[in-house]
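Here's what Swiss-Prot has on this protein:
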ACT_SITE  His66  active site, charge relay system
ACT_SITE  Asp111  active site, charge relay system
ACT_SITE  Ser207  active site, charge relay system
DISULFID  Cys51-Cys67  disulfide bond
DISULFID  Cys145-Cys213  disulfide bond
DISULFID  Cys176-Cys192  disulfide bond
DISULFID  Cys203-Cys230  disulfide bond
DOMAIN    26-254  domain 'Peptidase S1'
CARBOHYD  Asn177  N-linked glycosylation site
SIGNAL    1-23  signal peptide
Amino acid sequence: MEACVSSLLVLALGALSVGSSFGTQIIGGREVIPHSRPYMASLQRNGSHLCGGVLVHPKWVLTAAHCLAQRMAQLRLVLGLHTLDSPGLTFHIKAAIQHPRYKPVPALENDLALLQLDGKVKPSRTIRPLALPSKRQVVAAGTRCSMAGWGLTHQGGRLSRVLRELDLQVLDTRMCNNSRFWNGSLSPSMVCLAADSKDQAPCKGDSGGPLVCGKGRVLARVLSFSSRVCTDIFKPPVATAVAPYVSWIRKVTGRSA
């Protein structure tokens with residue numbers, strides 16, 4: 001358990017600086033078709049990509065709560081991007097609401113936050129909210145999912161200029177919680193994931209980005225944390241299930257409707 005806590009601590013603190021242990025990364029994967037994921041958001045600090053996010057409402061982006069360990073005045077949300085150096089549509093953050101039961105490092109439980117834009121998005125080909133799941137959504141072990149991010153393409157590298165995507169499979173949570181893997185660190189709302197190849201993995205600040213699972217274009221998970229070594233097969237990346245939090249999301253976003 002001590003080793004797991006140490007890994008989580010390194011990763012979450014790494015989110016404080018781009019390019020450190022919890023920057024943004026997809027190792028492997030492929031470039032997405034431009035604007036085929038119009039719900040993607042880039043949370044940026046002083047113009048540099050920090051974490052992913054997903055537009056779930058014309059005024060709100062969902063991300064990982066630990067991504068907000070920053071001075072809010074330095075943060076912006078950028079929508080409609082394919083390449084990081086393109087202009088996109090930039091918003092100030094009017095309000096940031098972490099889940100009321102969020103537990104920071106080492107637990108990282110309920111690792112979700114809602115960010116209110118200082119304007120309202122008009123849905124278009126390049127910017128469009130992603131549908132929330134039903135409160136009863138179940139994503140079973142073996143389910144195929146995909147995620148996207150602007151991350152490093154190899155350990156210790158630079159951010160990708162273009163949005164890349166990676167196919168993943170949901171793993172059995174009991175297995176992920178055994179002593180060879182996360183050793184009891186995972187809460188019931190967490191799920192771990194694996195790519196088709198051991199040389200591929202999301203990691204380092206792709207946190208906050210959405211996982212879309214199954215055939216429907218519906219949000220299923222938000223990436224939370226991983227290991228210092230992104231492709232460590234015994235510390236697979238972990239995401240937070242969205243379905244248990246749908247009531248909270250609707251309550252918060254409904255205030256601005």
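Cβ coordinates are placed from backbone N, Cα and C, and glycine is handled just like the others.
Take the Cα of Cys230 (disulfide bond) and measure to each of the recorded positions Cys51, Cys67, Asp111, Cys176, Cys192: the nearest one is Cys192. Taking Cys51 (disulfide bond) as the reference point, the recorded positions whose C-alpha atoms are within 10 Å of its C-alpha, out of Asp111, Cys145, Cys176, Ser207, Cys213, are Ser207. Per-residue pLDDT, averaged over the domain 'Peptidase S1' (26-254), rounds to 91. The DSSP secondary structure for Cys176 (disulfide bond) is helix.
Note on proximity: among His66, Asp111, Ser207, the active-site residues of the record, the Cα nearest Cys145 (disulfide bond) is that of Ser207. Note on proximity: of the recorded positions Asp111, Cys192, Ser207, Cys213, the one nearest His66 (active site, charge relay system) is Asp111, by Cα distance. Residue pair Cys213 (disulfide bond) / Cys192 (disulfide bond) shows a Cα separation of 13 Å. The number of other CB atoms found within 10 A of the CB of Cys192 (disulfide bond), across every protein chain shown, is 23. Straight-line distance linking the Cα atoms of Cys67 (disulfide bond) and Cys192 (disulfide bond), rounded to a whole number, equals 19 Å.
Counting other Cβ atoms within 10 Å of each Cβ, the lowest count among the recorded positions Asn177, Ser207 belongs to Asn177. Cβ neighbours within 10 Å of His66 (active site, charge relay system), excluding its own Cβ and spanning all shown chains: 27. In this structure, the disulfide-bonded residues Cys51, Cys67, Cys145, Cys176, Cys213 were compared by how many other Cβ atoms lie within 10 Å of their Cβ, and the smallest count belongs to Cys145. Fewest other C-beta atoms within 10 Å: among the recorded positions Asp111, Cys230, that description fits Cys230.
Using Cα positions, the member of the recorded positions Asp111, Asn177, Ser207 nearest to Cys192 (disulfide bond) is identified as Asn177.
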